[in-house]
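Notes to accompany the following structure.
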Amino acid sequence: MTDRVSAGNLRVARVLYDFVNDEALPGTDIDPDSFWAGVDKVVTDLTPRNQELLRRRDELQAQIDKWHRQRVIEPLDIDAYRDFLIEIGYLLPEPEDFTITTSGVDDEITTTAGPQLVVPVLNARFALNAANARWGSLYDALYGTDVIPETDGAEKGSSYNKVRGDKVIAYARNFLDQAVPLESGSWADATGLSVEDGRLQVATADGSVGLAEPAKFAGYTGQLGSPDWSVLLVNHGLHIEILIDPQSPVGKTDRAGIKDVVLESAVTTIMDFEDSVAAVDADDKVLGYRNWLGLNKGDLSEEVSKDGKTFTRVLNADRTYTTPDGQGELTLPGRSLLFVRNVGHLMTNDAIVWSDGDEEKEVFEGIMDALFTGLTAIHGLKTGEANGPLQNSRTGSIYIVKPKMHGPDEVAFTCELFSRVEDVLGLPQGTLKIGIMDEERRTTVNLKACIKAAADRVVFINTGFLDRTGDEIHTSMEAGPMIRKGAMKNTTWIKAYEDANVDIGLAAGFKGKAQIGKGMWAMTELMADMVEQKIGQPKAGATTAWVPSPTAATLHAMHYHYVDVGAVQEELAGKKRTTIEQLLTIPLAKELAWAPEEIREEVDNNCQSILGYVVRWVAQGVGCSKVPDIHDVALMEDRATLRISSQLLANWLRHGVITEEDVRASLERMAPLVDAQNAKDAAYQPMAPNFDDSLAFLAAQDLILTGTQQPNGYTEPILHRRRREVKARAAQSN
């Protein structure tokens, strides 16, 4: 039984109430009684609106389902389909042209293109690593990944391999040649560095040369010519620091004494309360809120054990350099600028219950997140004894990513929620900025109207291929069987979706004002492939794109040196490369020509993916992790990948491509494989052979067999219910 404290119409879990009063409110000048009265009023006023938006989702889905069922044997008439969507209010009139007016936004969002990390906020170690990933060693990123092949004697090994190290150095020199070229020759020929009359000089066998663009020299640290100093360069707004120490193990092997090349990497990071976490009750939510508070105050720390040693990880300080003329100082942020991703409009959480007449109901989690992440983020706007030593925003803004919104009415509701939160917190209107995830179909086809609804708050739009595909499947569930999951990336609607997001953002004035982002690279171990392929995102006009790790951020940062995103956006300005008909093209299988073994392969792949993720989520509360696929390739999985897999199988089940028996048989085949993949985890509880005793196995089965009934195909209702059952069982056994 949850211990609760009454606050007006609210009954608040004591763990949350005490956290807010004892930890979050001190230093904000907000009176606790007035704060809780404000929370009560916001919940009372906005809950009916939230409920109505969810009813509208269900109403539209029911109308679309009915329309498709009446035409299931006919080819899709795209004109009739478009007209129908207009008639029911799904597809809205496009607004007149406008320009966003958001103000008070940090440079990391407005002018600096670079990688964006997404990390589960419930894990303090991950959160600290991500916040500190603003700067990363290129040498380490190259040496420790497959970007440098382990061939020709270049194996990683258990100790430093000079052959591999030399390949790393050569790769880094080639990078410097492209990002900050010399006026002649190559960085590979460098034998020393110096600063003369405020200019960087690079010594080579043929003499001393400067940079092709001298202004790219931004500063230095240490005493010039000393054994241990560094040079700061800048290109496309991103910094590169060359560390020089001829006495270091690596510097000894380098003709110029360079021991490392450090890149400005994760310019921004999203601390996630949503798809990458498993937060189902007050204890889970408070853990996340406390970590978010520590990140904003700058006092979050974590004991870390590595190589037999234990140390305390803390947030990095800012970095100070001497300006090129030797007379001034340049200070650069030592940490990533932090966003926080709240949950969407769907879920409730029993951290707070409220009285609706005679009935007690859980409060919508999205309303709670706006209030409590907004409150704790106040500490990131100022420094002091009560607020901590570090600052997040230098312009007085709090950045909140809002996911899974369906259309402009839901965006407008979020903006109203943010405005009400600002009133409760005593913040100026417009302090809470919004990042709009373009990951639901009704938002995609009405994106311009969605942006207009937040024109004075929006700082980011982002395509999320994974969730967007899940909604694509669920919206058109009754239209017929969908193509296989792996074929989705080559569909008409996907290209139109990615292009339209950039075009509409640029037309709304995002250049120089807000981020245009693109999605995650999920294959955490395949960094060579990432370096080869992910450059396509900045080439497409995106100022940021998601990466799964600090190492990936450093490697992806190279792409923003190779590509001038600002120039790409100028070239794309004014273009409209897609039509609404392309966006509405449903990815239906043209004919069911799959061989039985192909169907079995698809079902097994998806069942293994579902089990591999769900077993950790439900049994251990792990919301994001590297999950080996059926071929043992590690993939960064979260609820978005789960949504696709479960919805595809639900679709095939609905249209008779597979049967319930096929699903159960595949789950039973894949469970022992997943068990084996987790065998080294001492806390892991196998699903096989007692499948029906495993709540994780049953959750996976529920997600597929009842997938057509889940609201918009979301996985949270089933996951939360089963996770709560696991926690209840554990509490009873204790």
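Cβ from N, Cα, C; glycine included.
What you see is a predicted model, and the numbers here were worked out from it, not measured in a lab.
The acetyl-CoA binding site annotation in Swiss-Prot covers Val118, Arg125, Phe126, Ser276, Arg313, Pro548. In this structure, Val118 (acetyl-CoA binding site) is part of a beta strand by DSSP.
In the three-state DSSP classification, Glu439 (glyoxylate binding site) falls within coil. For Arg341, Glu439, Gly464, Phe465, Leu466, Asp467, the entry in Swiss-Prot reads glyoxylate binding site.
Cβ-based neighbour count (10 Å, all protein chains) for Arg341 (glyoxylate binding site) stands at 25. Residues or ranges marked as active site, proton acceptor in Swiss-Prot (evidence: sequence analysis): Arg341.
In this structure, Asp467 (glyoxylate binding site) is part of a helix by DSSP. Packing around Asp467 (glyoxylate binding site) is summarised by its Cβ count: 27 other Cβ atoms lie within 10 angstroms of its Cβ, all protein chains included. Annotated Mg(2+) binding site per Swiss-Prot: Glu439, Asp467, in sequence order.
Under a cutoff of 8 A between CB atoms, and with a sequence separation of 6+ in the same chain, the neighbours of Cys624 (cysteine sulfenic acid (-SOH)) are Pro120, Asp272, Asp275, Ser276, Val277, Met636, Glu637, Asp638. Residues or ranges marked as cysteine sulfenic acid (-SOH) by Swiss-Prot: Cys624.
Annotation note: Asp638 (active site, proton donor) sits in a coil segment as assigned by DSSP. The active site, proton donor annotation in Swiss-Prot covers Asp638.
Comparing Val118 (acetyl-CoA binding site) with Arg341 (glyoxylate binding site), their Cα atoms are 9 Å apart once rounded.
Checked against Leu466 (glyoxylate binding site) by C-alpha proximity, the binding-site residues Arg125, Phe126, Arg313, Pro548 yield Pro548 as the nearest. Looking only at the binding-site residues Arg125, Arg313, the densest Cβ neighbourhood within 10 Å occurs at Arg313. Between the alpha carbons (Cα) of Gly464 (glyoxylate binding site) and Arg313 (acetyl-CoA binding site) lies a span of roughly 31 Å.
Arg341 (glyoxylate binding site) falls within a strand when secondary structure is assigned with DSSP. With a 10 A radius on its CB, Leu466 (glyoxylate binding site) counts 21 other CB atoms from all the protein chains. Here the candidates are the binding-site residues Arg341, Glu439, Phe465, Asp467, and by Cα distance the one nearest Arg125 (acetyl-CoA binding site) turns out to be Arg341. Maximum intra-site Cα distance, glyoxylate binding residues Arg341, Glu439, Gly464, Phe465, Leu466, Asp467: 17 Å.
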